[in-house]
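**Q** Take this structure, written in structure tokens, and hold onto it; I'll ask about it next.
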Amino acid sequence: MNTYGWLLLGQTLLALLALGLCGGWALRAFRRDDRPFLWLAAPLAGVFTLGGALAVLYFFGGLPLRWCLWSGLALNAGATVIALVYGRAALPTLGDRTAATVVALAAAYWGTVSCNKTAIDAREPTLAVMDGSDMFGYAIASDWLRTRAAATPPRTTEPLEGLSYHNLYCECSRPVAFLLVAAAAEARGTTSLFSYDWATGVVLAAGLIGLAGLFARNPLVLALLALGAATSSWLTNARTGYMGKSLGYPGGMLLTALFFTALDGPTRARCALVALLCVAVGWSLSPLFPVVLFAILLGGYAVALALLFVRTRWDPDPAGVWPAVARPLLSAALLGALTSVPSFVVYRYAFGSFPPPPPPTDWGWVIPVALDLDMPTLKAITAGTQTWLLYGCALTLFSGLVAGLWQRNLAAVALLACALCVPFAWAAGELRLYTFHGLIYPLTLAGAAALAAPRPRRPTEPEPAPAEPAGGRSLWGTVARVGVAAALLIGMTGLRVPQIRASASRYVYAPQPLRVVQRLSEARALCEAIGPDGVDVALAHVADNHMVWAELAARGVPVRFRSPGWDVSVGAYAGPKPAYDLFAPKARFSLLERRAWAQPGAERWAGARLKLVDDVGGLAVVGITRAQATNWDGEWRPGVWIGNAPTTFLIHNGTGQPQAVRFRADTVAGPGHPDPDRPTLRYRLGDRSGTLALPKASRADIPLSLAPGLNRVELFAEEPAEPAPGPTAPVLLLEFRNWRLDPG
């Protein structure tokens, strides 16, 4: 790792220390002698205590975000210092401190490297985009929060503010996530877009350390828990733009641990803290999430109570249904409802319902994804391997349940039984099970770790003699419990190796032709090159358009979005009738793909992916409307698919006089063409039209006479598609790419 990578690691460690100071006070009421590593969960708790403080200070206090950040840090850190001074907590042993330090450093290293690999390679802040684009939504809304007070919400009449309005004041399910991204940018001194990857690395590291600290009872289990969590889908969530899930699912594990601790020894402080953290975790992902989480936990808890009730039927004096099953289940249901439901009710009343996108419909993929056996973004594991992995998963879960019942370990059985929601969802046809990748598997990891706990004494067993030394029998019992827990953790982790190998290869290590890397230096250079002049943007890739939106348009650069760039970015959030002219006169500059055609001598700036050309006085293709789809060739030159409906090319002639040109492009017959060896292309410009008969793979050569200003050239295929596509499916008849305008 280079010097910049070590700098990023140092920033991550400082952030974890700051978050630990923010979250330590929230864990004081949950300290127990059998949880020596609970303090490792302080950074994870701090994510939500700081996020909650930011939300209160910003939205209700009306403070600028910078003041909110420093005030939130000071208030939470002060509470932790007071808790440490008056709590009189005993220091962990030297061995425990050493193990915890090693695990924390390893988790911080993995979080930094896995989420900042492109930044380390480039030696500057970057954003890596692949299989998702939500990071741009987080960045745009977070920068709005940084630069404006809550009293000035985004305007619904401004297209460039539509996404921020939707995220912050319409759907509004994740304000804590937006505020935390904004806080990360404020702390680093960059825009939110170029602090996003670093922020996800901090959250990932806090989640790994927190899960291990919440459920581990000895150093071996601590290390195995952190390793197991590292093989979950948390990495994929972090690298594909899902900051809400990156926060919510580790936060769900925090709520799970505190929930079971509150059930074991309920106090007003514990119940109040669970309720407060429920609000912060819920408003990081969705206020519905804690409700669903507690429903899963209650299902596992009910199964555990029922199985243990049957298990104790052979005891000399078994307990009845009320004390053994009904009363603890009712207590758990009341605690879960009182801590999670009020926040959801407030959200539903204030904002309504916003259903998520529909999940996949293939159960052969949904179930492995829900268990973190396959990637949630694409099928990376073969069907045969998936079958064996599912068998192995069932075997480990069954073995864990048997061990938990043998030990009479209620927490272990309850957490392992949470995986039974998978067959339950399958039986109910509930495909939204897919969305819980990164949650069910960590719950079962926690259940396996709970098997290392001391076996609870039966009510009929006598108290051990005070003078009886802790001899070999007790030692062997501890070794056996830890061995069983370790074996299960190793088995569960091993089953996720194919998935994490595929994820790490795709998102971290292997070169990917579809990965988009945006650089802070290029964004700044582009802003300086454009200056006060306008720029036309008709880029086809969503990552390029969103970068322009976040780093140029949102900062006052006069950007004129045109199709297809408009369609995949601003136009998707601008409302049904935006006040935006897609056919406005040509701006001075155009922003194009690096390999796209531009008039010779017009280039003014070039980066790794894009270039800026000064083409207002020459010829330029400034936009394409109503294309069936967009694509690129092997050299990343743009192209479009043409169907039977006209696709319009907006061609600018800035010479001030008519120009005769040849509009040339590579063409390939598409999969829907009835006669791919002889496609026919028709074109129309004003009252002039023509027809070109093309071979299967050819180069179209269209003669045009361009008037000064914008010219609308319509292209369409003559033959109808066979078979006819659906009403909303694109008609892929002819691929038209690598175009240029040559003198005619």
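Using the three backbone atoms N, Cα and C, a Cβ is placed for every residue, glycine included.
Curation does not apply to TrEMBL; its annotations are automatic.
What TrEMBL shows for this protein is this:
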{"type": "TRANSMEM", "residues": "36-60", "note": "transmembrane segment"}
{"type": "TRANSMEM", "residues": "67-87", "note": "transmembrane segment"}
{"type": "TRANSMEM", "residues": "198-215", "note": "transmembrane segment"}
{"type": "TRANSMEM", "residues": "220-236", "note": "transmembrane segment"}
{"type": "TRANSMEM", "residues": "291-310", "note": "transmembrane segment"}
{"type": "TRANSMEM", "residues": "330-350", "note": "transmembrane segment"}
{"type": "TRANSMEM", "residues": "388-405", "note": "transmembrane segment"}
{"type": "TRANSMEM", "residues": "410-428", "note": "transmembrane segment"}
**Q** The transmembrane segment (291-310) and the transmembrane segment (410-428): do they have three or more Cβ pairs under 8 Å, with pairs 6 or more apart in sequence?
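**A** Answer yes, regions in contact.
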**Q** Near the transmembrane segment (388-405), which same-chain residues lie under 8 Å Cβ to Cβ, leaving out any that are not at least 6 residues past its ends?
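**A** 304, 307-308, 311, 367-368, 371, 373, 381, 412-413, 416-417, 419, 444, 447-448, 450-451, 484, 488, 491-492, 495, 498.
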**Q** Same-chain Cβ contacts of the transmembrane segment (291-310) under 8 Å, 6 or more residues past its ends?
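**A** Residues packing against the transmembrane segment (291-310) from afar: 252, 255-256, 259, 319, 321, 324-325, 328-329, 332-333, 336-337, 339-341, 344, 401, 404-405, 408, 410, 413-418, 420-421, 424, 439-440, 443.
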